[in-house]
Amino acid sequence: TEHFTSNHPERRAPLPRNMIENSMFEEEPDVVDLAKESPSYPIDSDDVVYEPRSSRLLVRGLGENDLDEEEEDYESSARLLGMSFMNRSSSQRSAAASSYTRQQPSNSCSVPSAKKMVVGILVLVIIAFVAMFIYFVPRCTFSKDGCQKTNSSIEQLYPKASNGELFPWTGLRLPASVHPVHYEISLQPNLTAMTFQGSVAISMVVLQETNKIVLHSYDMKIINSTFQDEKVNILEYKPWQQIAIKVSKELKKGEIYVLKIHYSANLSNSYDGLYNSSYIDTNGKRRVLAATQFEPLAARKAFPCFDEPAFKASFVIKITREAEYISLSNMPKVKTTPLGDGLFEDEFEKSVNMSTYLVAFVVANLSSVSKNVSNTLVSVYAVPDKKDQTHYALETVAKLLEFYNRFFEITYPLSKLDLVGIPDFLAGAMENWGLITFRETTLLIGDHSSPIDKQLVTSVIAHELAHQWFGNLVTMRWWNDLWLNEGFATYMQYMSIEEVFPELDIDNEFLSVRFKALAKDALNSSHPLSTKVYTPEEVAEMFDSVSYEKGASILLMLKATLSKVAFRKGVIEYLKRYRGLNTQSEDLWMSLSQVRSLAVRKSEMMNTWTVQKGFPLVTVNRTGIQVNLMQEHFVLNADNATDHSNLWHIPLTYVSDICNNSSSCKQVFLFKDKTEKVKWLKFNYRSDGFYIVDYGEQGWRALIIALKENVNVLPHEDRAALINNIFALSRSDRVSFRQVLNLLVYLKNETETAPLTEALTQLNHIFMLLDKRSDLLLVSRMTTYIFTVFGDLMDSQSWEEESSVSKQALRSALLETACHLGRPNCTNQANRLFVQWRTSNKTEHIPGDLLKTVLSVAAQTEKGWQVLLDTYKHSIYDSEKRKTLQALASTQDVRKIVWILKAALDGSEIQTPELPLVISTVCRHSAGYLHAWDFVKENWDKLTQKFSIGSFPLQSIIMSTTSQFSTKTHLDEVERFFGSLKERGSKMRSVQEAIETIKLNIQWMDRNLVTLWKWL
Ligand SMILES: [Zn+2]
């Protein structure tokens, strides 16, 4: 976690924006040879800060460059220029580049004044003194009982194991002196008693002589243990989830030793470790199963192990089960041995070398369909009732497996690949090697599924399958670089679907994901992609929008910069080079750099995106024929920004009115002729780059005029980006809300999904804030405004089956809003479809993309709600079931809201993994918003038992219930509540995020309420 205090903002003088001037259209441009620029500027911060230099660039003659065809395609002049714009600042910073890695401000190296030094040294001495005092004074000093006995120095260093002896290790991270090589694991889950017995034999190699072995274990009862076949005493230190053995004779370097442990434990009641899961089958009978979820830190709950990603080893797994179940693990089954008493032992092949978090097994009653795909037996498993919903996943995974085998030039290394739908599963899916586990909603496709449901299933499969290379084959060394796993899998998911399933229109989805990442990363409480993490809570928090979505966004930017072909070459190089090993970000940049030599090193450029949080705002100012560009760190709440000195190497792209609507415009044309005058410029072509742009009042006006004349002057991604950027700028008070409304006028000619849904999302957001303030008059004006902009489009949408995913996405967004705001055309149609559906006993089909909207309208009446509750209980189609649940949660009836929240928490009638969805749906409506917040406060401890502190579901719950507050009273209340939690969650980053968001909402209201009154 990012500790805000460690950044020492007070030590930094705020720096003015770094100005980089470029005179694109100047008469006599200077020639700047990028290659000859001195790479090592003196790190004189004054020089960097107060003397913005102009870098005049020669922009003619790019067409004369001898680029080969493919290079020319990607090596666009715009981008080269972009690099050049940056060059000045990058060379100034390059000497300080190493300081990036520790996130030091660039001016921290400057020599402080003598007075400051004296004060500084004094402070350091005091800190050191206090630290020593705290460290050496025994804990018992201030306790009631005082110290029981004298403390030797050893005792002060080492904590006490649970048996009272000293535990021989003092860190959360394991010592590196011993490395596991192979595990033999044997497990016997008892699905009646909900317990399991286990034994593990770990062979390990000694890397440095030592007399102790430390590994992980959590909440298990150790029955007996041997080391080298001799009985050995196991010490346990519970707070760190570690066990250890001490040996009298030093272990020899290079030797292999074997530790065996027999143990028993309960099947976990939360959703990690080896846990029990259950569901009601179509006969109304409760069925149980056992499944695993180990990422990030829960393998230690199933067997003692070295539970860090860099400790890769091979595994042989044996599972004892009853006849009515089957068992599955990462590898194919080699044999089954009857043990008598109706028990069987399944043994699985020895695994490839892998990290502990990728180990998995399932014991359940499942049915499957299978198929051979280039020497891999691919199977999709589901509970027997849902077997016929597995076919789509099987066809999809087959196509994607072939694609990845080809794309990475490394064939998937196992002889089998299982995809398993687990009832009662918390994550979306988990990429366990050879045994990918899914929520049923993200794997199964039934008759009631729409193409949008297929898009979801395809996305999740594509993501998890990409992990078999990114994550499984090559693994991040530690969780600080989780983005190497998640950013890549997310990027590959969009990239592969675009190639293999173009009909799924995935690019719109990827665009909105980039917008989402920008919104998160614009908060001061965001964090760098690579962030130091240590505690389990900090590790859990890494699974957030930054690691996934920003990670994917900057990989897209890098691909657009390098070219598709070069990027792929680099990726293949990386995978081949580090196959079976662990890596950090730098290793990826090195591989990519080897493919291609650019003037700017990849690692230097990319470090600016991975080791500092946030992203740049590029401000464009035009005076005559000059274009001036500035970059600065974009933070929504500029008041409490911690660092004004962040700079990025931005691969800048642009188009103008002279050439705009084809990707070839991204390059040479504009700059061939230096006297060319342009009416408008649009930067960040197709929004491939992770930055936003402010065009200044004139620039925005020119763009708005151009769009009003003809929407097609820009590609739809660019139109969506203009809308996204102007709302962000307005939130940070750089552009007036009036200007935002001016831009939206062009929407009456807009027909594309991306810009329309982006505008709708942004306006909905404002609507929801006003709605939660119960500002009734303003709410009704906002409703009228939304109808003025979108009303005709809403009314003209069809309610019949629609095959285009993009059209479905548009109409479902429009109609959801229309019905939510009570537009009669919409609610009447919805009621009509619902009555048809109900009276035909659900044989009369409702298009899948409209199902949620239709059912949500129906859920507002008592009778409708009861019908839906019954549907929810009996539906075996998970996408239908989920939409029904959202409809139920959209009720305005407070008693029902209270019931549904409770039911999802206790898991009896609504499965607990759906609780975050239930809460976020309740929070969309003003009726339930405060109830949801009360519910979170009252049930905090229960919530953190189900969803661990820092985990993604908990992040989501916090944001849903707090992010729409916009008054001081609520801010105080939220701060008070989370402050009172202390170690029960007050330090979570999402708490910081929540508080910052409320503050931003308050500011926005203060600034814009008057404008809204005037302009709506
Ligand atoms: Zn993933």
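Backbone N, Cα and C define each Cβ position, glycine as well.
What TrEMBL lists as transmembrane segment is 117-137.
Look at TrEMBL and you will find 179-358 tagged as domain 'Aminopeptidase N-like N-terminal'.
The feature domain 'Peptidase M1 membrane alanine aminopeptidase' is assigned by TrEMBL to 392-609.
The annotation Zn(2+) binding site is assigned in TrEMBL to His463, His467, Glu486. In this structure, His463 (Zn(2+) binding site) is part of a helix by DSSP. Its own atom aside, the Cβ of His463 (Zn(2+) binding site) has 27 Cβ atoms within 10 angstroms in the protein chains shown.
As annotated by TrEMBL, active site, proton acceptor applies to Glu464. Cβ neighbour count for Glu464 (active site, proton acceptor) (all protein chains, 10 Å cutoff from its Cβ): 26.
Annotation comment: TrEMBL describes Tyr548 as site 'Transition state stabilizer'. Sequence-distant neighbours of Tyr548 (site 'Transition state stabilizer') (same chain, 6+ apart, CB under 8 A from its CB) are Trp483, Glu486, Gly487, Thr490. Secondary structure from DSSP puts Tyr548 (site 'Transition state stabilizer') in a helix.
Per-residue pLDDT, averaged along the domain 'ERAP1-like C-terminal' (680-999), amounts to 94 for this model. Residues or ranges marked as domain 'ERAP1-like C-terminal' by TrEMBL: 680-999.
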Suppose we draw a 10 Å sphere around the Cβ of Glu486 (Zn(2+) binding site). How many other Cβ atoms does it contain, all chains included?
25
List of residues, in chain order, with Cβ under 8 A from that of His467 (Zn(2+) binding site) and at least 6 apart:
Glu431, Asn485, Ala489
Once the DSSP letters are reduced so that anything not helix or strand counts as coil, what is Glu486 (Zn(2+) binding site)?
helix
